[in-house]
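Colleague: The topological domain 'Extracellular' feature in Swiss-Prot is assigned to 46-697; the stated evidence is sequence analysis. Annotation comment: Swiss-Prot describes Asn109, Asn303, Asn343, Asn547 as N-linked glycosylation site. Annotation comment: Swiss-Prot describes Cys117-Cys153, Cys342-Cys353, Cys512-Cys546 as disulfide bond, evidence class experimental evidence. What Swiss-Prot records for 167-190, 647-688, 822-843 is region 'Disordered'. Per Swiss-Prot, the feature compositional bias 'Acidic residues' maps to 175-186. According to Swiss-Prot, the compositional bias 'Polar residues' annotation covers 661-670. Here Swiss-Prot flags Ser683, Ser686 as O-linked glycosylation site. The feature transmembrane segment is assigned by Swiss-Prot to 698-718, with sequence analysis given as support. Per Swiss-Prot, topological domain 'Cytoplasmic' is recorded for 719-843. For 831-843, the entry in Swiss-Prot reads compositional bias 'Basic residues'.
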Amino acid sequence: MALPRCMWPNYVWRAMMACVVHRGSGAPLTLCLLGCLLQTFHVLSQKLDDVDPLVTTNFGKIRGIKKELNNEILGPVIQFLGVPYAAPPTGEHRFQPPEPPSPWSDIRNATQFAPVCPQNIIDGRLPEVMLPVWFTNNLDVVSSYVQDQSEDCLYLNIYVPTEDGPLTKKHTDDLGDNDGAEDEDIRDSGGPKPVMVYIHGGSYMEGTGNLYDGSVLASYGNVIVITVNYRLGVLGFLSTGDQAAKGNYGLLDLIQALRWTSENIGFFGGDPLRITVFGSGAGGSCVNLLTLSHYSEGNRWSNSTKGLFQRAIAQSGTALSSWAVSFQPAKYARILATKVGCNVSDTVELVECLQKKPYKELVDQDVQPARYHIAFGPVIDGDVIPDDPQILMEQGEFLNYDIMLGVNQGEGLKFVENIVDSDDGVSASDFDFAVSNFVDNLYGYPEGKDVLRETIKFMYTDWADRHNPETRRKTLLALFTDHQWVAPAVATADLHSNFGSPTYFYAFYHHCQTDQVPAWADAAHGDEVPYVLGIPMIGPTELFPCNFSKNDVMLSAVVMTYWTNFAKTGDPNQPVPQDTKFIHTKPNRFEEVAWTRYSQKDQLYLHIGLKPRVKEHYRANKVNLWLELVPHLHNLNDISQYTSTTTKVPSTDITLRPTRKNSTPVTSAFPTAKQDDPKQQPSPFSVDQRDYSTELSVTIAVGASLLFLNILAFAALYYKKDKRRHDVHRRCSPQRTTTNDLTHAPEEEIMSLQMKHTDLDHECESIHPHEVVLRTACPPDYTLAMRRSPDDIPLMTPNTITMIPNTIPGIQPLHTFNTFTGGQNNTLPHPHPHPHSHSTTRV
């Protein structure tokens with residue numbers, strides 16, 4: 001595993017450049033260069049012994065273990081399990097950023113997994129509501145991985161490939177004695193290896209990196225794979241909305257893990273300048289959020305602005321989904337504090353009280369957010385996440401990273417199963433209930449809900465087969481998939497590609513055959529994970545007990561080649577070609593497919609399945625329903641309040657505002673056939689007896705009327721206000737600079753943020769001096785409101801967290817974007833209500 005001499009100049013040059021960049025301490029240049037060169041040669045001279053794998057890191061020596069894989073084409077992998085990357089976040093360090101681990105003098109055995117971060121288990125089992133099908137179908141097995149819990153849980157696992165596998169030797173032999181073989185070596189044999197850091201999902205509430213064995217991916221792709229534990233739930237994301245507990249500790253754990261990797265992976269033969277982060281579900285949204293945080297900047301090995309990692313793969317999750325960010329963390333902090341007897345007004349005392357509680361008492365509390373949202377997760381704290389993710393993307397904060405992202409065909413499978421009885425299809429009444437419940441939980445304006453419901457029903461009704469329950473089930477599945485995954489992913493890809501940054505988009509259309517999922521299911525959330533990890537190559541496992549076929553093995557090899565190619569070069573097509581003749585004697589279809597870069601104009605994506613092809617504009621009609629039409633419907637009720645992140649409030653204290661009574665009728669702002677004669681208004685659940693031609697006529701008439709009456713009336717005003725909104729973005733969300741980096745003292749940072757807040761207040765007030773407004777930020781895109789629950793209260797202010805007082809006011813029952821009571825459900829009772837209608841979304 002020692003580096004060849006031809007690679008030494010490359011590392012020496014990197015060390016010299018890093019030294020020059022970091023010479024700010026005033027040390028003599030000669031001494032600085034000498035120290036960097038000694039460090040570099042120490043890294044290069046280390047040899048990883050397969051028999052007794054011992055590595056000396058910056059914190060001490062660790063011993064790994066060699067593991068043979070159950071496939072003759074895969075070489076052995078050396079595993080280093082339970083490696084500490086941070087100090088235990090216990091006691092007064094709870095709800096604090098992580099600190100580097102303490103060094104050790106003896107050899108540390110890294111041969112078994114470390115404890116997982118605390119999470120809620122009931123009678124030894126994780127919650128039943130788990131989204132990935134392989135979680136739900138193997139809940140007992142998954143639960144066995146999270147029994148050993150401890151707050152001392154900040155560890156990672158490293159999987160290092162060896163050079164003696166048949167696949168490696170085959171590629172090396174094919175190179176022969178060609179000149180410049182080092183430059184042409186498509187497997188990176190002998191050189192520093194790319195590094196892939198996997199972030200697990202679980203809705204920021206459950207999971208562990210220990211679940212994901214990176215051995216096959218490391219061996220087949222000749223990359224180093226790392227899996228990480230990070231703090232979850234209340235311990236990882238509690239925020240009081242001020243300096244008492246800023247939140248985002250789980251994200252800071254991941255940043256510390258990347259910092260540790262950048263500084264130590266060279267000892268394992270890894271390349272600190274080729275680090276890729278990837279994850280699925282909530283792990284994918286973490287990946288996206290890390291690309292937007294200035295904490296990810298700064299790699300001591302290089303003067304590059306790309307920071308602690310250079311590439312990112314977001315599988316079935318981005319920062320724009322409704323479940324990606326918690327918009328009212330202080331409310332949930334107060335609820336938790338009340339449950340455990342820490343409900344004091346001063347937030348500093350509140351946090352001190354929570355720090356003294358046993359961790360199990362905290363994680364066992366049931367704090368339920370609105371459906372499709374999260375209670376404890378990443379927050380806009382003005383620091384780790386400086387602003388709303390969409391605004392940061394519009395400003396190009398992630399343009400320095402190569403990004404691959406995508407979705408699965410039927411992500412919303414568990415949403416459908418958890419809402420309605422779908423074994424025999426979906427009845428008309430169940431379909432109506434699901435859509436109404438969906439709208440009530442995601443959109444907070446009562447006057448326009450009737451129009452929105454009918455619009456969604458119209459768009460997701462297959463009019464050629466509208467009476468078929470199985471067809472309704474299929475369209476309902478598409479509704480959840482499109483809103484929660486596809487539209488956010490496409491919006492993210494559009495924003496990233498707008499800056500010319502390399503962007504690749506995929507749609508995954510395959511899943512393994514098993515009796516544990518219904519026959520009608522498509523590729524559901526998490527179904528791509530076993531193929532990324534190469535599980536089909538070693539056969540069924542406890543976590544993935546599928547009947548893998550040769551097609552599954554072939555597809556897994558294809559996916560691993562794409563993923564590891566991207567980690568090596570930023571291009572999934574290079575350098576290793578798609579060659580799976582070791583599985584099939586005939587070429588696979590992927591050999592003839594070139595995965596084209598994504599652009600907003602063409603929106604090209606790769607269809608990953610047994611019949612691969614490059615297509616364009618993935619589900620364009622439905623995507624634009626959510627990204628274009630629905631936001632316009634949301635704002636047609638009151639065009640004078642165009643910016644949906646502001647709302648007028650009386651000059652008196654908002655806590656004195658009376659709530660709307662449940663008995664108050666909710667009427668639509670738009671005339672419909674239903675409102676003409678209330679006596680003939682049908683029940684929302686008598687769909688089977690309803691004349692769909694009448695509904696179609698009504699919907700078309702309403703839509704045509706809205707378009708005709710509003711396009712001419714509001715076109716000019718829309719353009720003017722849209723232009724002003726973008727101008728406000730530029731003024732109110734200033735670009736970050738390195739001046740507010742970690743080198744600032746806390747007092748300087750607080751003062752800086754306070755000054756920004758004061759300046760921005762005056763600047764924003766000049767926009768509407770006659771209005772009293774309550775803002776979550778200077779106006780972001782109106783699609784921000786699409787990601788909030790109806791009872792969201794804007795308690796966090798981007799870039800101004802230090803300005804929030806050290807007390808949390810009483811929980812406000814009103815949503816500031818509308819006038820109905822938070823949490824009110826405007827749908828009629830469902831004949832078969834789901835027992836957990838507000839269960840936390842798991843992604």
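Cβ from N, Cα, C; glycine included.
Surface or core, plus neighbours and distances: that's what I need for these features.
Modeller: DSSP assigns Asn109 (N-linked glycosylation site) to a strand.
Cβ neighbour count for Cys117 (disulfide bond) (all protein chains, 10 Å cutoff from its Cβ): 29. According to DSSP, Cys117 (disulfide bond) is assigned to coil rather than to any helix or strand.
In this structure, Cys353 (disulfide bond) is part of a helix by DSSP.
According to its DSSP assignment, Asn343 (N-linked glycosylation site) is coil.
Mapped onto three states, the DSSP output places Cys546 (disulfide bond) in coil.
The Cβ neighbour count for Asn547 (N-linked glycosylation site), using a 10 Å radius over every protein chain in view, is 11.
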Colleague: Around Cys153 (disulfide bond), how many other CB atoms lie within 10 A of its CB?
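Modeller: Around Cys153 (disulfide bond), other Cβ atoms within 10 Å: 25.
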Colleague: Going by Cα-Cα distance, which of the recorded positions (Asn109, Cys117, Cys153, Cys512, Asn547) sits nearest to Cys342 (disulfide bond)?
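Modeller: Going through Asn109, Cys117, Cys153, Cys512, Asn547 one by one, the closest to Cys342 (disulfide bond) is Cys117.
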Colleague: Any idea what the Cα distance is from Cys353 (disulfide bond) over to Asn343 (N-linked glycosylation site), rounded to a whole Å?
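Modeller: The separation of the Cα atoms works out to 9 Å.
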Colleague: Whole-number Å only: compute the distance from the Cα of Cys512 (disulfide bond) to the Cα of Asn547 (N-linked glycosylation site).
Modeller: 7
Colleague: Using a 10 Å radius around each Cβ and counting other Cβ atoms from all shown chains, which of the disulfide-bonded residues Cys342, Cys353, Cys512, Cys546 yields the largest count?
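Modeller: The most densely surrounded of these disulfide-bonded residues is Cys512.
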Colleague: Do you know offhand how many angstrom separate Cys117 (disulfide bond) and Asn547 (N-linked glycosylation site) by C-alpha?
Modeller: 32
Colleague: Using all protein chains in view, find how many other C-beta atoms are within 10 Å of the C-beta of Asn109 (N-linked glycosylation site).
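Modeller: Here the count is 13.
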Colleague: Looking only at C-alpha atoms, tell me how far Cys153 (disulfide bond) is from Asn109 (N-linked glycosylation site), rounded to the nearest Å.
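Modeller: Pair distance, Cα basis, whole Å: 16 Å.
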